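One structure below.
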Amino acid sequence: MKKVLLVNGPNLNRLGVREVNVYGKGTLATLEADMKQEAETMGVELECFQSNHEGAIIDRIHEAEDIYEGIILNPGAFTHYSYAIRDAIASISIPVIEVHISNIHQRESFRHESVTAAVCAGQIVGFGFYGYKLALFALMEKLREA
């Protein structure tokens, strides 16, 4: 059974409360439960992790290489400025799919650039929680191609 790590960054623990007009009413717990169920139907074991701390996310990315076949990552606001997370992704050999609930390219100009996307296998934005499922499908396809 393939193992995948789902990492959600800062403020995503506030889903369902924070800016529901942008992120929707669903909670992180709902998202994680739905993703685990979807992964199970695909024969994938999914572990979920959320942190508001850059170092904790970096540590988890480093550890993932020896445990998981791939990572689905929503770096939150770190997307736009964390060269440390970018370098952590670049330092591992497993594929990472970047996902965002909202379309970062339609929002404030400071959100348009992702410093992490260039070292990811791909980026999925703007499809709400469904984007996470798309990321899982894409990751599984990437692993089949390898």
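Just so it is clear, glycine is given a Cβ too, placed from its N, Cα and C backbone atoms.
Swiss-Prot lists Y23 with the feature active site, proton acceptor, giving sequence analysis as the kind of evidence. Taken from Swiss-Prot, the feature active site, proton donor applies to H100. What Swiss-Prot lists as substrate binding site is N74, H80, D87, I101, S102, R111. The site 'Transition state stabilizer' annotation in Swiss-Prot covers R18 and is backed by sequence analysis.
Structural mapping of features recorded in Swiss-Prot.
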residue	record	DSSP (3 states)
R18	site 'Transition state stabilizer'	coil
Y23	active site, proton acceptor	helix
N74	substrate binding site	strand
H80	substrate binding site	helix
D87	substrate binding site	helix
H100	active site, proton donor	strand
Y23 (active site, proton acceptor) and I101 (substrate binding site), compared by Cα position, are separated in whole Å by 6
When the binding-site residues N74, S102 are compared by other Cβ atoms within 10 Å, fewest goes to S102
Comparing the Cα of H100 (active site, proton donor) with the Cα atoms of the recorded positions R18, N74, D87, the shortest distance belongs to N74
